[in-house]
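Below is one structure, written out as structure tokens; comments come after it.
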Amino acid sequence: MKKLSLLLAVCLILGMLVGCNSADVGKEVPDGGQVSEGNSSGTPKKGGTLIVGMTGDPSTYNPDYQADGYLQPISENIFNRLIKVTNKQEVVPDLAKSYKVSEDGKEITFYLNENVKWHDGAPFSSADVKFTFDTIIKEGGQLAGSLTSVEEITTPDDNTVVFKLKNNDSSLIGYLAWDACYIMPKHIYEGTDWSENPANQNPIGTGPFKFVKHEKGVSVTLERNDEYWGDTAYLDKVVFSIIPDANTAVQALYNKELDILGVEPPLSEAQSFEADSDIKVGKQYWPSRYYMFFNVKDSIFKDAKLRQAVSLGIDKDDIIRKAMKGIGEKSNTAMTPMYDWALNTTDVFPERDVEKAEKLIEDAGYAKNSNGMYFETTIDVFNIEPFTDIAVIIRDNLKDIGIDVKINMMEEAAWDEKIWYGRNYDVSLLAGYQGPDPGALTTRFSTGALINLMGYSNPKLDVALEKGASYVSEEDRAPYYIEVQKYIVEDVPVVPISEYISIAPYQSYIVGHPTSEEAIDKTGFHEYTYVWINK
Amino acid sequence: MARYLRRRILTGILIILVSLVINFMLIHLAPGNPISLLAGKDNPSQEMIDALTEKYGLNDPIHIQFISYVKTLLKGDLGYSIMSSEPVSKLIFEKVGPTLLLALTSILLAVVIGTASGIFAARKRGSLFDVTMNGLSYVFDSTPSFWLGLMLILIFASKLKIFPTAGMVDLRAQHEGIAKAVDILWHLTLPLITVTLIQIPYYFRIARASVIQTMSEDFITTFRAAGMKENKIFKKYIFKNAILPTITVFGINLAYVISGVAIIEIVFAWPGMGRLMMTAISKRDYPLLMGIYLILSVSIAVCMIVVDLIYAVIDPRIRYD
């Protein structure tokens with residue numbers, strides 16, 4: 001209890017330091033709208049094994065080396081970060097009990113928890129933190145692209161780490177709380193090739209669970225770390241069961257072979273989960289909205305009028321209802337609404353208007369042919385649900401405004417080659433993480449940025465983004481991001497479609513799921529420290 | 001016979017070499033590359049992409065990449081997987097067992113059940129059994145395997161609760177020893193039934209057709225006219241002749257069995273090589289894929305040689321060619 005209140009106090013301090021009060025950041029998504037049993041079910045019970053589904057094998061247990069969606073849920077339980085982000089998309093303490101940003105924003109000091117031990121018994125210290133980030137930068141780890149502002153990392157003492165920055169980088173905190181920056185043991189990795197260290201198959205972390213074994217294609221087993229420096233977990237074991245087919249995983253959940261589904265269920269199953277009293281449905285709201293984007297550099301959509309017409313022609317409600325089975329939320333703002341302190345709610349994308357859309361196309365110099373169509377275009381999509389279904393609805397929507405859309409479905413690798421690298425397309429669809437901060441707009445909209453697949457360039461927007469990143473406080477930064485969103489709405493390089501909400505079904509006897517009230521303020525997306533089995 | 005064998009082995013080696021070249025080229029020419037897939041779409045890092053592209057030599061021209069691949073291969077090294085940085089041979093070796101368990105058991109069951117019922121149906125041509133089996137063989141022949149698998153899960157796991165839904169072991173119980181073996185067999189049942197049901201029609205129809213064909217040959221009519229007993233005619237003359245096509249098909253299927261069960265492995269979460277191959281394809285893991293294809297082409301070549309040998313033993317006409 002003492003630890004808990006300490007943690008809460010730290011949360012509060014941290015919250016004030018970041019300048020974001022927990023009440024006004026992010027979206028609070030209640031636990032499937034159901035009354036949580038955690039409060040009425042009394043004291044947590046220790047023990048038991050939790051079985052969680054997963055669609056594939058993690059390829060390595062080096063958590064910072066490469067992006068690996070299969071490793072992330074495991075990393076959160078074996079390792080710790082300095083700070084971590086919760087399902088409310090709030091940043092809370094992890095190994096760092098607090099941190100401080102200097103006035104000019106060029107120095108971030110992290111104060112670490114004391115008496116932290118690695119799973120092999122070795123003591124943890126600030127040297128591990130420095131080693132981790134130095135290695136990520138030197139070896140080109142997954143997060144390296146987001147650490148370019150870091151000039152030097154120093155360790156004044158065993159429990160303090162200072163990040164010295166070349167320039168103020170307000171997005172850094174968000175990235176440090178996200179993925180691929182788990183603190184790695186220096187005493188194991190130092191002087192070795194981090195891509196081939198044996199620990200990559202037998203990881204040593206500081207987290208609430210220890211790695212036990214990985215049977216390829218079958219399961220990954222973790223056990224409770226009784227020496228954990230924070231709140232000790234209730235569960236004896238967490239077993240990730242590898243089931244590649246989502247339909248099979250859903251049946252395994254119904255048949256009680258899984259406690260937590262763990263994989264993204266087919267959207268068509270969503271309603272049946274809600275109807276099943278044995279199953280609770282957690283919701284996770286991500287800054288990973290679905291959007292449509294145009295090749296503004298070299299395609300028929302060079303003409304802004306046509307892009308505006310498409311934006312007016314798309315029926316987002318229809319898409320969410322039919323293609324996404326209601327698991328979504330209409331996006332009209334130019335940025336994810338999760339960062340509401342920087343959200344522009346004045347300049348937004350318009351509602352559907354067929355007449356206006358047709359007029360714009362005619363203004364652009366097109367006339368209807370004998371089939372009643374102005375022109376023809378192709379939308380390239382990867383063959384993953386719900387992108388394919390979204391494309392079908394878009395085709396129907398745009399037929400109404402006289403655009404004849406052909407759908408070209410392709411495998412992800414082929415899509416990469418044609419769109420990401422080849423930029424040989426008219427229009428396509430994408431989602432993906434667009435956080436952890438409004439600064440992420442840079443990655444997708446500034447001139448020449450890595451995910452600016454549109455080839456979009458607006459010098460005024462570039463300047464505003466740079467300014468937005470150069471200040472520390474939200475009040476100072478917000479106006480620039482609001483300006484950026486205005487340009488996006490004016491220029492229409494993309495049309496946002498829906499926010500990304502994922503549903504996380506689990507058995508009703510599971511208490512403390514990371515999306516539930518009991519744990520949402522304290523744990524990472526898939527961290528099972530507070531989970532216990534109530535039966 | 002020795003000359004026959006030598007020729008077959010040489011052909012086999014040639015097949016392996018040609019397929020090695022073709023596979024390498026095709027895999028590398030396919031759109032997309034493993035590093036961009038590794039980097040993901042969430043927050044890709046150019047630094048990481050550059051470092052890994054350099055590490056795996058993916059910037060070199062394709063013929064240079066091929067030469068360096070062959071060089072490591074000649075040392076008996078299949079290289080390292082790009083996805084997991086683990087030796088390809090280790091990754092494949094781990095998955096061979098479950099695949100062989102599922103694939104070999106099912107192909108043996110299918111060949112025995114299919115051939116036996118095919119012969120029986122042919123001998124009772126036009127009977128109720130013959131008509132029913134014929135109909136069923138078309139039904140299962142045209143059933144997609146993943147659909148059949150899901151249906152069996154819905155019926156036997158979800159509704160009747162007889163068999164487990166998926167996987168190879170009960171993760172809650174974590175059995176050891178004999179209990180574990182029983183547990184694995186228990187989990188094997190549904191995927192095994194699926195793969196077997198899908199394969200039976202081939203063997204049924206081939207056996208039935210070739211028995212019927214042989215029965216109408218002139219020499220059989222002669223035996224009958226000479227008053228030889230029906231059973232003796234069948235055992236001594238019809239069966240031996242009619243079984244040859246079955247052996248051919250069995251040999252070919254044996255070679256494709258690993259890739260053939262991939263879909264079923266995915267549906268039932270069976271940890272086999274087919275699944276590994278599908279992941280390797282979608283992630284463009286070149287070294288892993290080359291390793292799997294090499295093993296497949298070697299096993300295809302070996303199976304062909306073995307089938308040819310069996311053929312030569314059973315049918316003397318072939319070996320004296």
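Cβ atoms here come from the backbone N, Cα and C positions, even for glycine.
Where the annotation comes from TrEMBL, it is an automatic prediction and has not been curated.
Keep in mind that what you see is a predicted model, and the values were worked out from it rather than measured.
Marked as transmembrane segment by TrEMBL: B:9-30 (among others).
The domain 'ABC transmembrane type-1' feature in TrEMBL is assigned to B:96-311.
Positions annotated as transmembrane segment by TrEMBL: B:100-122 (among others). Among residues of the same chain six or more beyond the transmembrane segment (B:100-122), those with a C-beta under 8 A of the stretch's C-beta atoms are 129-130, 133-134, 184, 188, 191-192, 195-196, 199-209, 211-212, 215, 239, 242-243, 246, 250, 253-254, 257-258, 260-261, 264-265, 270, 272.
Among the features that TrEMBL reports, transmembrane segment is placed at B:143-164 (among others).
With a threshold of 8 Å between CB atoms, the same-chain residues lying at least 6 positions outside the transmembrane segment (B:184-204) that come near it are 101-103, 105-107, 109-111, 113-115, 117-118, 121, 133, 136-138, 140-141, 143, 145, 148-149, 152-153, 156-157, 163-164, 166-170, 246, 249-250, 253, 260-261, 264-265, 267-268, 270. Annotated transmembrane segment per TrEMBL: B:184-204 (among others), in sequence order.
If one looks beyond the transmembrane segment (B:242-270) by at least 6 residues along the same chain, the residues whose Cβ comes under 8 Å of a Cβ in the stretch are 98-99, 102-104, 106-107, 111, 115, 119, 145-146, 149-150, 153, 166-168, 190-191, 194-195, 199, 202-203, 206-207, 210-211, 213-214, 277-278, 295-296, 299-300, 303-304, 306-307, 310-311, 314-315. The transmembrane segment annotation in TrEMBL covers B:242-270 (among others).
Residues annotated as transmembrane segment in TrEMBL: B:290-314 (among others).
Sequence-distant contacts of the transmembrane segment (B:290-314) (same chain, at least 6 residues past either end, Cβ-Cβ under 8 Å): 1, 4-5, 8-9, 12-13, 15-16, 19-20, 23-24, 27, 69, 73, 78-79, 88-89, 91-92, 240, 243-244, 247-248, 250-252, 254-256, 258-259, 273, 276-277, 280.
Sequence-distant contacts of the transmembrane segment (B:143-164) (same chain, six or more residues past either end, CB-CB distance under 8 Å): 170, 186-187, 189-191, 193-195, 197-198, 263-264, 266-268.
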